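Student: Input: one structure, supplied below.
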Amino acid sequence: SVGTNLPLRLCYVAADSGKDTGDSGVALKKEIGLVSACGIIVGNIIGSGIFVSPKGVLENASSVGLALIVWIVTGVITAIGALCYAELGVTIPKSGGDYSYVKDIFGGLAGFLRLWIAVLVIYPTNQAVIALTFSNYILQPLFPTCFPPEKGLSLLAAVCLLLLTWVNCASVRWATRVQDIFTAGKLLALVLIIIMGVVQICKGEYYWLEPVNAFEPFQKYDVGQIALAFLQGSFAYGGWNFLNYVTEELVDPYVNLPRAIFISIPLVTFVYVFANIAYVTAMSPQELLASNAVAVTFGEKLLGVMSWIMPISVALSTFGGVNGSLFTSSRLFFAGAREGHLPSLLAMIHVKRCTPIPALLFTCLSTLVMLCTSDMYTLINYVGFINYLFYGVTVAGQIVLRIKQPDIHRPIKISLVWPVIYLLFWAFLLIFSLYSEPLVCGTGLAIMLTGVPVYFLGVYWDNKPQCFNTFVDKMTYLGQKFCVVVYPAEDKPKEAGGIELKEEKSPLAGEDNEATK
């Protein structure tokens, strides 16, 4: 029969099979060490941003000097935000990142809205942008005199997504190894750009770095446009909080989470600033703005017959970025389903591989839908505004938690000056972005607010019709059979005379049920 206990029955079968479950049943494995944690942060931040955003930042900043200041300030603000998230991550050590923090501090509705906008806009859009950048850099050398066809870009991006979804479904270890390898590759690509920039400066090619020329505007300065430049820059730094989504899979999270943040953010800021300095040693602002593939144009001007190295390096970088984004965003949807805010099927993991296959498939499908839109810069503005909105809400939650629960155990405790600085910058950015792009920002807010009725109908309303519950049960059952997944055991079951006894909350019915073997 199909009923609300079905996920628990299948969990019983998995525990009884004696295969790859261990004493604690099926659960997420702690397989992410410090190196892999740094790889996740660096790999997610350095995806497509440094190869796409320089054009958007420069276009809105109106001068080379101000664009470089935007990159530096955005890096500093990112580091401050990461400090705040480090405290929250070790105070509330749950997978799901800012979704889990917002839900625990401000309640279910606020957490659901964060999850809702992430499901509909933020992560599918982020992954689509990175995948499109990957395909753009792969195909650009094949179309030297024109832009690659849009259908070709979308098709290759879809192939990239499908391949990496399969890798992530197959093994957590495979996914982290892919992340480590491609993170090293993308750092080498950026080191090559920086070295060539240093060589250019030694040759005297620093016209656009001289203060007189650097701050010469090619269009009138505008505060709203400068705010959009920060949004474009924040997209390039996006991913700094992704490690918080996989806290439960970290080895010794209280130590490795803050260490990984302190190592990765300064490294990325250094690389970004010097990569942009290198760009302007070889290209004028007009040349940079005219290019859809900044690093390729840079390589063509300086590498000659070896210019093919640059598009390949960038493609490898963005390939790793797609992998990291898939890995972490699927964990967000997994955490949301475990809390009852998404269908319970998304909270289940494979009985042998211990990977959240339904959440990964859902992430992949939602991203494939986003690939229908090829205007990357509009997508970036959507993502930047909504991301910063919830970054600010989460950091404000840190202050609220200090007031509401001052005595809670905090392995890391930072000064409240830092969240206040972050929130002041956050307010400036959102107000002027809304002023400058009211349609884009307003549309993002409207999409977020559509989650309010969905929350009250889907989550808050307990007494749903029996026919609806039966339908959901049947769909969950079919999904479990198709993906071979079960609901994970969160706690190690107690053993007594060969009998395991544990009590879990049914992910479908919202009632306490007893599963006994």
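Glycine residues also receive a Cβ, built from the backbone N, Cα and C atoms like all the rest.
Look at TrEMBL and you will find 497-506 tagged as compositional bias 'Basic and acidic residues'. Positions annotated as region 'Disordered' by TrEMBL: 497-517. What TrEMBL records for 32-52, 64-85, 105-123, 153-175, 187-206, 226-247, 259-282, 302-322, 357-379, 385-403, 415-436, 442-461 is transmembrane segment.
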Student: Where, among 64-85, 153-175, 187-206, 259-282, 442-461, do we find the most CB pairs under 8 A to the transmembrane segment (226-247)?
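Tutor: So the stretch in question is 64-85.
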Student: Hey, would you say the transmembrane segment (153-175) packs against the transmembrane segment (385-403), going by three or more CB pairs under 8 A that are 6+ residues apart?
Tutor: no
Student: Sequence gap of 6 or more, Cβ distance under 8 Å, 3 or more pairs: do the transmembrane segment (385-403) and the transmembrane segment (442-461) meet that?
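Tutor: Contact between the transmembrane segment (385-403) and the transmembrane segment (442-461): present.
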Student: Is it true that the transmembrane segment (302-322) and the transmembrane segment (64-85) have 3 or more CB pairs under 8 Å, sequence gap of 6 or more?
Tutor: no
Student: Taking residues 6+ outside the transmembrane segment (415-436), which of them lie with a CB under 8 Å of any CB in it?
Tutor: 77, 80-81, 83-84, 222-228, 230-231, 234, 384-385, 388-389, 391-392, 395-396, 398-399, 402, 442
